[in-house]
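The next block holds one structure in the form of C-alpha cells; read it before the comments.
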Amino acid sequence: PQTGRLALYLLGLRATCPPPKPHRALVTWLKYYLEEDWTGSRRHGHPLTNYYQYGLGVLALCVHHKRVREEVIRRLLAAQHRGRLGHSAVDTEAVLALAFTCLERRRLVGAELAAELRATVRRVSRSMAQAQGPEGIIGNIYSTPWALQVFLATGTCHTEPAYGQAMAALLENLDDFNTAPTMAQVLPVLHGHSYLDIASMRCQEELDTLTPLDVEPPTEAPGNKTVRLVVECAQPWCLELQLYNRQVSTAATASLLDVLWAATAQEPRFTFDTQDTPQGPYLTQVLGLEARQEKRNYWQLLTSPSTPLLMGIADYIPHDGETLILRLSEW
C-alpha cells in the first residue's frame, strides 16, 4: 500500500487550501490503504509498510477531520509502549506523537483514550529530550526536525532546553536538507510550525503565493570514480562477517544507489532490493539476505571505518576512493 506517499501528498494538498471536491476521493483511498496496510499487523505483528508510514496516514486523516478506528489507535499505542517501532524510532515516535495529539485535540476519540494519548505524547516528548546528543541533535540530523515538531505541537518549545539546542544544531546543518522530503520536514520548523497546524489553517486568509521557479539543471561533472563496496553480516548466524569486497567503477556524480546498480552489472552474483518510502528507496536485501522488522535487523550504511551515513542510498554521493560498508545489524 502507498500509505506514506499518499499521506504526505494529502498533507501537502491540505496546506495549499484547495477546493474540497478534488481530494475527497484521495482521502477515501487513504482510508482504504490504511485498512489494507493494517492486515499485515494481524499476520506479522506490524503494518505491511511500517509504523512510520502508518502514523503519517493517521495524521493525514486527522488533519482532514476523519476518524480512525479505536482498535487501530490502541494497536499503535501498544507498539509504541513495547518499543516495536523499528530502528528509526525517533522519526516514527514523532510522527505517532503528532497523530495522537491531532486526534486528541480534534476530539476524534473518547475521553478515556484521549487521556492515554496525552500521557503517551508527554512521555515521547521527555524521551526525545533525554535522547539528545552533545551537539544538540536528536536521533540524527534528519530526525531532529521531527522531534522539534513534537515540541512545537505540544507547546513545550518554550520550556524545554532541548528545543533551543536542537534548533541551533539544525541551523548549523541546513545544507544537509537538499531533497524535497527533507526540506518538507525542516521548513515548517524554521517558521515555528508543525504539520499539526495544517488542520487549523484559515484558508480564506491565505494568499496565493505559489509561483513557478526556473531552476538551471546542474551541470554534470565529467569523469568516473572508483569506490570499494563491502557487505558484512554482523548476525550470530552468519558463517563469516565479510560477504563481499570489490571495487566498483561508476560516474563521478553517482549516488550510492547508482554504485549498487553498477555492482550488479559488474558482477551478476551481487544482488540487492529496495522498498519505496516517503524518504526515498530503503535497502531491504543484499546478496539474498533480507532485513526484517520482526527480526529487529536492518541494513546499516557506513563509510569506512565505522561512520554511519545520515543520508539514504539515493541521496548519498560517495567520493572517489571511498569505502562503503553495508552491514546487516540489529536495532
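Glycine is no exception: its Cβ is also placed from the backbone N, Cα and C atoms.
Pulled from TrEMBL, these are the features on record:
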BINDING   49-53, Asp91, Asn140, Gln185, 282-283, 299-301, Leu309, Trp331  cyanocob(III)alamin binding site
DISULFID  Cys62-Cys102  disulfide bond
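Feature map: annotations from TrEMBL on the structure.
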{"residue": "Thr49", "record": "cyanocob(III)alamin binding site", "Cβ within 10 Å": "24"}
{"residue": "Tyr51", "record": "cyanocob(III)alamin binding site", "Cβ within 10 Å": "25"}
{"residue": "Gln53", "record": "cyanocob(III)alamin binding site", "Cβ within 10 Å": "25"}
{"residue": "Cys62", "record": "disulfide bond", "Cβ within 10 Å": "25"}
{"residue": "Cys102", "record": "disulfide bond", "Cβ within 10 Å": "25"}
{"residue": "Asn140", "record": "cyanocob(III)alamin binding site", "Cβ within 10 Å": "16"}
{"residue": "Tyr282", "record": "cyanocob(III)alamin binding site", "Cβ within 10 Å": "19"}
{"residue": "Trp299", "record": "cyanocob(III)alamin binding site", "Cβ within 10 Å": "20"}
{"residue": "Leu301", "record": "cyanocob(III)alamin binding site", "Cβ within 10 Å": "19"}
{"residue": "Trp331", "record": "cyanocob(III)alamin binding site", "Cβ within 10 Å": "14"}
Reported as an integer number of Å, what is the Cα distance between Cys62 (disulfide bond) and Tyr51 (cyanocob(III)alamin binding site)? 16
Here the binding-site residues are Thr49, Tyr51, Asn140, Leu301, and the Cα closest to that of Cys102 (disulfide bond) is found at Tyr51
